[in-house]
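Participant: Have a look at the structure that comes next, please.
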Amino acid sequence: MINLKEQVGIKAAEFVTDGMIVGLGTGSTAYYFVQEIGRRVAEEGLQITGVTTSHATAEHAASLGIPLKNIDEVEYVDLTVDGADEVDGDFNGIKGGGAALLMEKVVAVNSKDCIWIVDESKMVQTLGAFKLPVEVVQYGAENLFRLFEKKGYRPSFRMRNGKKHITDMQNFIIDLDLRRIEDTYALAEELDRTVGVVEHGLFIGLISKVIVGTPEGPNIIEKK
């Protein structure tokens, strides 16, 4: 059986060339991209610098011998490759299923180019079936939860081992079960204005192409 995640991870690595500063994504699909970059560094002598989007990816990349720098140690990132939980026809998406949305977005906005790698199931007409992660500071989180309840957003705290999940940046995540997002831009602006919200999982206008894994092979879709 074809591993679609591995397929697109390896394909995305073809866009990486010597001298690049590369954003290394987080999650089960980006894992294979990082794995392939590590192989090329070891076997082909690929010369790149990686900038990671989570502590987990940093550990993985370091174990493969990929040279790493912090986002604050570089002026920009040439290319970031990451997974996504949903992608619509406008190349906007939802990310954060792996709880790394804040670091992922910091790296993405500092990148000259971003590619998302997904399987066919992640391509949707309208965002929202996947719960929208909202990263919030711990102080006042219950008040934010109640605010989202009043708005009808069906919130739930992200849990881990029976406790509220704490992100790499020491925040909580509230997942919003929106079912369907009618106006992505308006919701993003609303969340951006909400005090206590650190970041949200709506990624808008950040990517140039999506590599979609299919049984027939990877399909590269460019933004028009």
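Using the three backbone atoms N, Cα and C, a Cβ is placed for every residue, glycine included.
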Participant: According to Swiss-Prot, Thr26, Gly27, Ser28, Thr29, Asp82, Gly83, Ala84, Asp85, Lys95, Gly96, Gly97, Gly98 bind substrate; which one of Lys11, Lys122, Lys150, Lys151 is annotated to that same site?
Facilitator: Lys122
Participant: Give me the sequence-ordered set of same-chain residues, not including Thr26, Gly27, Ser28, Thr29, Asp82, Gly83, Ala84, Asp85, Lys95, Gly96, Gly97, Gly98, Lys122, with a C-beta within 8 angstroms of the centroid of the substrate site's C-beta atoms.
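Facilitator: Nearby residues not in the site list: Gly25, Ala30.
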Participant: Could you state the whole-number distance in Å separating the C-alpha atoms of Gly97 (substrate binding site) and Glu104 (active site, proton acceptor)?
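Facilitator: Answer for this pair: 11 Å between alpha carbons.
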Participant: Tell me the Cα distance separating Glu104 (active site, proton acceptor) from Thr26 (substrate binding site), rounded to the nearest angstrom.
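Facilitator: One finds 8 Å between the Cα atoms of these residues.
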Participant: As a test of the contact definition, list every same-chain residue at least 6 positions from Lys95 (substrate binding site) whose Cβ is closer than 8 Å to its Cβ.
Facilitator: Asp82, Gly83, Ala84, Asp85, Leu101, Glu104, Lys105, Pro133, Gly201, Phe203
Participant: By the count of other Cβ atoms within 10 Å, pick out the sparsest of the binding-site residues Thr26, Ser28.
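Facilitator: Lowest Cβ count within 10 Å among the binding-site residues (Thr26, Ser28) is Ser28.
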Participant: How would DSSP class Glu104 (active site, proton acceptor) in three states?
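Facilitator: It is helical.
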